[in-house]
Amino acid sequence: MKDTIVAQATPIGRGGVGILRISGPLAQEVAKEVLGKELKPRLANYLPFKDQDGTVLDQGIALFFKAPNSFTGEDVLELQGHGGQVILDILLKRILTIKGIRIARAGEFSEQAFLNDKLDLAQAEAIADLIDATSEQAARSALKSLQGEFSNKINQLVDSVIYLRTYVEAAIDFPDEEIDFLADGKIEGHLNDTIRQLNGVRKEAKQGAILREGMKVVIAGRPNAGKSSLLNALAGREAAIVTNIAGTTRDVLREHIHIDGMPLHIIDTAGLREASDEVEKIGIQRAWDEIEQADHVLLMIDSTEQTAEAFKTEWADFLAKLPQSIPVTVIRNKVDLSGEAEGLQELDGFTLIRLSAQTKVGVDLLREHLKKSMGYQSSTEGGFLARRRHLQALETAAEHLERGHIQLTQFFAGELLAEELRMVQNALSEITGQFTSDDLLGNIFSSFCIGK
């Protein structure tokens, strides 16, 4: 017989209510032994919880859910009693005296729900993300993922790929038919539509991953431009040493902050210039390492030294070296000295913000700009959350789709196109768990709470 599992569903410690959750074929047996009666499904019962000798341990509400109409898809019993940890421990010990019942592993309830097709893998991960959400928008986005919004987009992509595979493999299997599916343009048109659809989901998923994990923002610029002062202004404390000596910051400084609950990882770097000092050279190389891995770059410019219009010429080499996928916001600092007014404008395709890191004038404009860059919305609407593994799977799918497009348009190689499409389907199916290794499942569910 399959194991029946039990765990505390409420947080460890003192609380008003404490809940124990039991899932498996012996859930009704627990009800008979601890409550003294079988329970009707979906009916709340106020009953005493009894020890083996009939002594009352606690009293509270008992709920029974008959398989498959439960979270896990199995018989589920919930005992909702008083929230003292000692009481819950005694009741848990009592339940474990029943043969065939054991303590649940971390995330095992959600794992059973996944294995019993009550939710897919992306939805299961959304449970943990909902619990860990640090902002209202992250919570709403996690809920959308739990309700299947992300999964639906992935399933639509999988359906498109299956449609393509059907026609490609028909062209391979029936080469003598009058219609040449590979040459008539229909497959290429549908393939292009699928690529556009996938790129849209990739963009949303990247935004969702930033919302979940935080945006990596690197402050870059020449020495003494005010990078460390801006780090301190955003952090709300003296996280970095600030002096008038150019090159004070020689290593990478990191500060984790929240703006209205949105997580950001702010990184201050060494000033970018031609350096003869060996230590400073190392610091500049580390600065470039961070810049190339950033989600967003703040390019600090001293407003007392150059005009706003000159930055593109002055920083042409920097902008050329920077990966085009990384957004850059130009910060004209020290407006308290240059006499410029604080403000935000679009200039030559870049967002430019005028502020003073020293007096903090204009810093709130930057905060709002960073929030919007992370996908913050003041309305209750939002996207879905995504994880790094989702981004990797989508990236893999995109690479195979592009290769498939080349096989079709340049070589008319149906067999190779079919293989690339198969790899696309496998990569996408990893997200929802239709095609997933046991090791990956173990890693995902082991990060959950015990009672989830």
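Here the Cβ of each residue, glycine as well, is placed from N, Cα and C on the backbone.
Per Swiss-Prot, these features apply:
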BINDING   Arg21, Glu78, Lys118, Lys452  (6S)-5-formyl-5,6,7,8-tetrahydrofolate binding site
BINDING   224-229, 243-249, 268-271  GTP binding site
BINDING   Asn224, Thr243, Ile245, Thr248  K(+) binding site
BINDING   Ser228, Thr249  Mg(2+) binding site
DOMAIN    214-375  domain 'TrmE-type G'
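Distribution of Swiss-Prot features across the structure.
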| residue | record | Cβ neighbours (10 Å) |
| --- | --- | --- |
| Arg21 | (6S)-5-formyl-5,6,7,8-tetrahydrofolate binding site | 24 |
| Glu78 | (6S)-5-formyl-5,6,7,8-tetrahydrofolate binding site | 20 |
| Lys118 | (6S)-5-formyl-5,6,7,8-tetrahydrofolate binding site | 18 |
| Asn224 | GTP binding site | 21 |
| Lys227 | GTP binding site | 32 |
| Ser228 | Mg(2+) binding site | 24 |
| Ala270 | GTP binding site | 27 |
| Lys452 | (6S)-5-formyl-5,6,7,8-tetrahydrofolate binding site | 21 |
Q. Looking at the binding-site residues Arg21, Glu78, Lys118, Lys452, which has the shortest Cα distance to Lys227 (GTP binding site)?
A. Lys452
Q) How far is it from Ser228 (Mg(2+) binding site) to Lys452 ((6S)-5-formyl-5,6,7,8-tetrahydrofolate binding site), counting Cα to Cα, in Å? A) 43
Q: Measure from the CA atom of Asn224 (GTP binding site) to the CA atom of Lys452 ((6S)-5-formyl-5,6,7,8-tetrahydrofolate binding site) and give the result in Å, rounded to a whole number.
A: 51
Q. Taking DSSP three-state, what's Lys118 ((6S)-5-formyl-5,6,7,8-tetrahydrofolate binding site) in: helix, strand or coil?
A. coil
Q: Express in Å, rounded to the nearest integer, the largest CA to CA distance found among the (6S)-5-formyl-5,6,7,8-tetrahydrofolate-binding residues Arg21, Glu78, Lys118, Lys452 named in the record.
A: 18
